[in-house]
Amino acid sequence: MASTTFADRASGSGFQSKKEYLFGRIDMQLKLVAGDSAGTVTAYYLSSQGATHDEIDFEFLGNVSGQPYILHTNVFAQGKGGREQQFYLWFDPTRNFHTYSIVWNPQRIIFLVDNIPIREFNNAEKLGVPYPKSQPMRIYSSLWNADDWATRGGLVKTDWTKAPFTAYYRNFNANACTSATSCSSTTKNGLRDDAWRTQELDAWSRRRLRWVQKNYMIYNYCSDLKRFAQGVPPECRHSRVH
């Protein structure tokens, strides 16, 4: 088990994978900062490097005691992000470990919490929308102070009397390719477990996705007409974006 802790305004902490991955299923179990976590961000994400980097994000925005965490998701392709969706969780993520997963294949990206899909981002290159498919990415985890924006848009600041702040990680698993031709697969009952290569949402998963988005989604960039006054992005208009 690993943990990330920071205790003062000037520092954060984190770790990264040794390998880079190009498509796969990534699982990590996290237990988030308990108590008053306002101003903190615990992150778990895939990213390449450079100005035109790709990135797939789970970020957990802290809050004052008794208020729920916000799970912030985003997808960057060729340096362009702005595809945020945010959710409350249906459990207290500070009490126990929960599994947060990314399935990434050439057709789609699926975000899962305890194997329940919360978001699907489909490849819409045919509409001119960049999709992360050619840059291998490392896995990063970090915890840092972001009280200029993390909690209520920066209105609530970090209470440093509650420091140090600690998040816990365990049971990391990457069932993934390290290049276009080098892939690893875990084995279950003698069979290769590489369903992620073509994974899509079946009828049960779609029902779960709709349940999460109906009851727990609090922001969807595709619905932000004030932000996109000239029209929402093409993947929102022409394809099924969840």
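Glycine residues also receive a Cβ, built from the backbone N, Cα and C atoms like all the rest.
Here is what TrEMBL records for this protein:
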DOMAIN    1-169  domain 'GH16'
ACT_SITE  GLU55  active site, nucleophile
ACT_SITE  GLU59  active site, proton donor
CARBOHYD  ASN63  N-linked glycosylation site
**Nearest-integer angstrom distance between the alpha carbons (Cα) of the residue listed as 'active site, nucleophile' and ASN63 (N-linked glycosylation site)** = 25
**Request:** Express the predicted model's confidence over the domain 'GH16' (1-169) as a mean pLDDT, rounded to an integer.
**Result:** 92
**Asked** Which residues, sitting 6 or more apart from ASN63 (N-linked glycosylation site) on the same chain, put a CB under 8 Å from its CB?
**Response** SER37, ALA38, TYR69, ILE70, THR151, VAL156
**Asked** So for the residue listed as 'active site, nucleophile', how many other CB atoms are inside 10 Å of its CB?
**Response** 18
**Prompt:** Across all chains shown, how many C-beta atoms besides its own are within 10 angstroms of the C-beta of GLU59 (active site, proton donor)?
**Reply:** 19
